[in-house]
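**Student:** Sharing the record's features from Swiss-Prot:
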- ASP598, ASP670, HIS808: divalent metal cation binding site (BINDING)
- 230-349: domain 'PAZ' (DOMAIN)
- TYR2: 3'-nitrotyrosine (MOD_RES)
- PRO701: 4-hydroxyproline (MOD_RES)
- 312-317: region 'Interaction with guide RNA' (REGION)
- 525-567: region 'Interaction with guide RNA' (REGION)
- 588-591: region 'Interaction with GW182 family members' (REGION)
- 651-661: region 'Interaction with GW182 family members' (REGION)
- 754-762: region 'Interaction with guide RNA' (REGION)
- 791-813: region 'Interaction with guide RNA' (REGION)
Amino acid sequence: MYSGAGPVLASPAPTTSPIPGYAFKPPPRPDFGTTGRTIKLQANFFEMDIPKIDIYHYELDIKPEKCPRRVNREIVEHMVQHFKTQIFGDRKPVFDGRKNLYTAMPLPIGRDKVELEVTLPGEGKDRIFKVSIKWVSCVSLQALHDALSGRLPSVPFETIQALDVVMRHLPSMRYTPVGRSFFTASEGCSNPLGGGREVWFGFHQSVRPSLWKMMLNIDVSATAFYKAQPVIEFVCEVLDFKSIEEQQKPLTDSQRVKFTKEIKGLKVEITHCGQMKRKYRVCNVTRRPASHQTFPLQQESGQTVECTVAQYFKDRHKLVLRYPHLPCLQVGQEQKHTYLPLEVCNIVAGQRCIKKLTDNQTSTMIRATARSAPDRQEEISKLMRSASFNTDPYVREFGIMVKDEMTDVTGRVLQPPSILYGGRNKAIATPVQGVWDMRNKQFHTGIEIKVWAIACFAPQRQCTEVHLKSFTEQLRKISRDAGMPIQGQPCFCKYAQGADSVEPMFRHLKNTYAGLQLVVVILPGKTPVYAEVKRVGDTVLGMATQCVQMKNVQRTTPQTLSNLCLKINVKLGGVNNILLPQGRPPVFQQPVIFLGADVTHPPAGDGKKPSIAAVVGSMDAHPNRYCATVRVQQHRQEIIQDLAAMVRELLIQFYKSTRFKPTRIIFYRDGVSEGQFQQVLHHELLAIREACIKLEKEYQPGITFIVVQKRHHTRLFCTDKNERVGKSGNIPAGTTVDTKITHPTEFDFYLCSHAGIQGTSRPSHYHVLWDDNRFSSDELQILTYQLCHTYVRCTRSVSIPAPAYYAHLVAFRARYHLVDKEHDSAEGSHTSGQSNGRDHQALAKAVQVHQDTLRTMYFA
């Protein structure tokens with residue numbers, strides 16, 4: 001089962017568990033990869049020339065605290081001007097907007113703390129701030145040079161931070177900073193997304209250490225902002241009114257709830273006090289309209305009377321409200337009862353939208369932002385020219401120069417693996433540009449389907465019996481060709497309505513039809529029925545379900561039916577195809593388990609829902625079949641809390657499936673940012689070791705821990721136009737880079753394993769944080785690329801290895817399992833899985849998959 005020719009890997013060198021507090025060190029790069037044909041590329045990295053000087057780091061303390069960064073920057077700007085003669089002279093300090101200030105020459109304050117008073121001219125009255133400055137340290141750029149050339153073991157974090165602040169100082173004052181990007185409203189043309197939101201374009205910028213050089217990573221970026229507009233217009237967009245005139249009555253409860261959800265937390269400015277445009281943050285929307293909403297008003301006599309908002313505006317501001325039937329915004333602190341009519345408020349410009357975009361907004365966003373690779377390359381070059389870092393006075397102050405041209409990189413295009421099918425002819429497919437097809441091929445192991453049912457939740461007048469009959473015939477034909485014969489008609493084919501009928505119907509099916517293998521469920525577009533089908537099928541009754549959209553039943557195509565068969569065969573225990581055993585890397589010579597792990601977090605702006613951790617493990621030698629484990633954990637917790645128990649479950653399952661104990665564990669971990677590497681590695685590597693030792697004291701398989709990152713801004717472009725692939729002109733599938741733009745000393749590489757269809761391909765970044773198995777670069781890169789070809793849902797290579805992708809699917813499916821029928825409205829909750837006050841135990845039970853589903857790939 002685990003045989004195969006090829007060189008034997010260095011046997012794993014398990015290290016004993018370190019003492020707590022010991023920091024694991026990622027392994028050094030073993031070598032550089034050599035396999036594959038070379039390809040000339042350009043990367044959106046720009047070489048920086050850094051002098052070997054010291055930078056002086058000071059800590060600022062601004063009182064009163066909690067000012068936005070923008071205000072802090074203004075304070076520092078005023079401070080530098082005001083105290084030019086006494087302290088700053090001709091120096092141009094740079095500031096991160098919080099506490100850190102850097103200068104190229106020391107300030108004449110020695111090591112003492114200096115207290116200064118700074119006045120900011122404000123609207124109405126000036127504001128006075130107290131600022132203290134204290135020396136922190138000397139940041140040596142010489143040390144950075146030593147680290148980049150490998151003379152120092154690790155890159156000093158404080159130098160990267162200092163350089164980043166230098167490079168960001170001017171853009172932060174010119175544009176709206178968001179994370180590591182800068183945005184600005186599009187001049188003259190807006191890009192509306194609907195619902196009061198619009199697209200802003202900008203650029204991402206970060207300083208990155210690489211082999212021998214510091215690099216500046218520059219990319220185009222886009223995000224959603226709220227449109228600066230009157231709140232009256234915002235209401236119309238959110239509630240789909242053509243104009244406010246068509247709303248002559250007060251808002252209904254559901255309209256008010258929807259509006260509140262959108263406007264809560266946003267800043268508005270008032271328009272009824274002339275030049276005094278005070279800004280407030282919205283904390284709520286009143287239930288009552290302005291004509292009825294009262295508040296306690298203190299009169300001159302000292303008496304307090306209840307007064308309506310409409311009356312107050314008429315008496316105090318001589319303003320008769322045009323829309324007294326609309327509610328008010330409650331602003332500031334909830335207990336203070338400050339109410340503003342909608343019509344005197346505007347949405348403040350430059351507020352980023354952190355709430356989840358709707359499906360329509362997301363697709364509009366993608367259409368607005370997708371750029372072919374050559375277009376993106378040109379846009380980045382344009383950005384570099386307009387940023388002109390070499391004339392930026394702050395960058396020059398520190399003696400930094402940035403090259404204008406993108407960095408030339410030599411990449412390699414890896415050979416795709418051969419894919420083996422089954423049936424009589426055991427056909428072999430060879431992917432071309434990451435794609436192959438199943439025509440004239442049969443599944444490696446096809447499942448025979450004897451007892452199956454259809455439940456149609458689409459209305460009968462739209463999805464008729466004729467449609468169902470034709471769909472059934474076509475599906476049976478395609479499935480027979482694919483080697484997954486569906487014998488006979490469905491044992492049950494009925495129409496149903498609404499999520500409430502799912503469980504009774506499924507119970508009836510399970511009790512009535514012995515040996516029922518599959519329920520095909522037809523859905524009318526987006527509906528809460530989907531979540532309920534998966535909850536009941538996966539967690540309550542343990543039944544295999546396959547949902548199909550009504551439009552794909554009304555009009556069948558061989559492609560959609562074939563895709564359905566890929567999913568059905570796997571859910572029922574079949575194997576679609578395998579990697580050709582002779583072509584697999586040597587790691588397969590001994591029993592090996594591939595684990596994929598991911599944590600998904602609830603959408604921003606949602607403080608209650610739990611995060612969901614999922615870990616999947618391979619269950620055969622191909623590797624094709626996987627088993628899943630899933631847990632709910634603390635909101636926004638990135639480390640997988642219960643990893644030891646999850647890995648233990650998967651190792652037991654692997655042993656039951658194969659009768660082998662894996663001698664190696666290859667762990668692909670998705671969703672970790674660089675800042676969390678150390679923390680995640682420390683906790684999770686120990687957890688995997690603990691899982692092994694709990695099974696057997698002496699059991700110490702070699703562990704390789706690889707972080708997979710998709711959310712980065714590295715983009716690669718073909719230097720030679722003839723190498724470009726497809727309409728979007730992307731790099732070919734299999735393109736790998738492990739030199740020049742990668743880490744100076746650690747083991748990392750970029751691999752673009754998929755064929756880009758829309759926009760510019762994003763290569764995945766792999767960073768090896770631990771490696772007992774002593775992989776060479778070639779071995780790990782080939783293995784990773786091959787695993788990207790084992791994803792069962794399609795006949796193409798995907799952008800990350802199948803185990804990491806499956807972990808993502810499992811966590812995403814668990815969100816549906818958490819949808820609480822009793823409390824969740826279908827609107828907006830379809831994947832949000834609200835936890836509505838359910839305790840941890842109830843949530844944990846909700847994601848627990850049924851015993852019969854546990855060993856299947858229900859998530860496929």
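Every residue gets a Cβ built from N, Cα and C, even glycine.
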**Student:** Taking all residues of the region 'Interaction with guide RNA' (312-317) together, what is their mean pLDDT?
**Tutor:** 96
**Student:** Does DSSP put HIS808 (divalent metal cation binding site) in a helix, in a strand, or in coil?
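**Tutor:** It is helical.
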**Student:** Using a 10 Å radius around its CB, how many other CB atoms surround HIS808 (divalent metal cation binding site)?
**Tutor:** 21
**Student:** What are the other residues, in sequence order, whose C-beta lies within 8 angstroms of the center of the C-beta atoms of ASP598, ASP670, HIS808 at the divalent metal cation site?
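**Tutor:** These residues sit around the divalent metal cation site: GLY596, ALA597, VAL599, THR600, ALA614, GLY671, VAL708, ILE800, ALA804, TYR805, ALA807, ALA811.
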**Student:** Take the C-alpha atoms of ASP598 (divalent metal cation binding site) and PRO701 (4-hydroxyproline) and report the distance between them in angstrom, rounded.
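**Tutor:** Rounded to a whole number, the Cα-Cα distance is 22 Å.
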**Student:** Relative to the Cβ position of the residue listed as '4-hydroxyproline', how many further Cβ atoms are located within 10 Å?
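**Tutor:** The Cβ of the residue listed as '4-hydroxyproline' has 21 Cβ neighbours within 10 Å.
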**Student:** Tell me which residues of the chain lie with their Cβ under 8 angstroms from that of ASP670 (divalent metal cation binding site), as long as they are six or more apart in sequence?
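**Tutor:** Counting only residues 6 or more apart in sequence, the Cβ neighbours of ASP670 (divalent metal cation binding site) under 8 Å are GLY596, ALA597, ASP598, VAL707, VAL708, GLN709, LYS710, ILE800, ALA804, ALA807, HIS808.
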**Student:** Indicate whether PRO701 (4-hydroxyproline) is helix, strand or coil by DSSP.
**Tutor:** coil
**Student:** Just to be sure I understand the packing, how many Cβ atoms besides its own are within 10 Å of the Cβ of ASP598 (divalent metal cation binding site)?
**Tutor:** 27
